[in-house]
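Here the structure comes first, spelled out in structure tokens, and everything after it is commentary.
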Amino acid sequence: MIETISKTIKYHFKNPQLLHEALTHPSIISKDSLKFNYERLEFLGDAVLNIVISEMLFNIFPKDTEGNLAKKKTALVCGNQLVKVAQSINLGQFIIMSDGERTCGGANNHNNLENALEALIGAIYLDGGLTAAQNFIHSFWKHTAIHMDIPPQDAKTILQEFIQGKRLPAPTYHIIDKSGPDHNPIFTVELRIPLYKTIQATGNNKKLAEQKAASLMLNQIKDQIK
């Protein structure tokens, strides 16, 4: 497994234990009494990813404003982008998890993929330093960053600006249901805007459900947006 993923990510660990930790899902602890999982490395990897992406954008777009750089960074470190990168290296098949977690689709769970990818970045940073982490991140993010000619706007931002232009109260998002197991929850969010029909959407986390609800609302009112 170590040799296979090392070839895929083009990085060979000097300390394979770090890679093992980065790929260990929390569900494995209670089963095998292991004292580690990827959560601590995920915390570190998130910080490393943010600083490397920030510096990369700063260098690629010397004329961009702070606001545009921030929007691009948000798009590059968001869950959807992390999942795309994780799927491109088939990370899910390498995550060590309990049989129950895998049976429930844990290898394809977006939260698991996001967390394991950030943990992998953290492990590379500890094993090879900042340069190694930069090389890994650049190889999977730089092409996307270079082709971001127009600063991306998420659905919530577009909807917020449209509603402000109508001089209406800001959209509000309310969690009306949470179902599923703790390791793979499903949130149902209701979007409310005065004078508009309420919209409901679901997602594996609150932010994703809110974005889906905003996107559905935009689709409903698209003829009003010029």
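Even glycines carry a Cβ here, placed using N, Cα and C.
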Which of Glu21, Glu42, Glu190, Glu210 shares the Mg(2+) site with Asn115, Glu118 in Swiss-Prot? The record says Glu42
Determine how many residues of the domain 'DRBM' (154-223) DSSP places in helix, in strand and in coil.
-> 28 helix, 20 strand, 22 coil
What is the average pLDDT across the domain 'DRBM' (154-223)?
-> 89
Residues close to Mg(2+) site centre defined by Glu42, Asn115, Glu118, Cβ within 8 Å = Tyr38, Glu39, Leu41, Phe43, Gly45, Asp46, Glu114, Ala116, Leu117, Ala119, Gly122
Just give the helix, strand and coil counts over the domain 'RNase III' (2-129), going by DSSP.
-> 93 helix, 2 strand, 33 coil
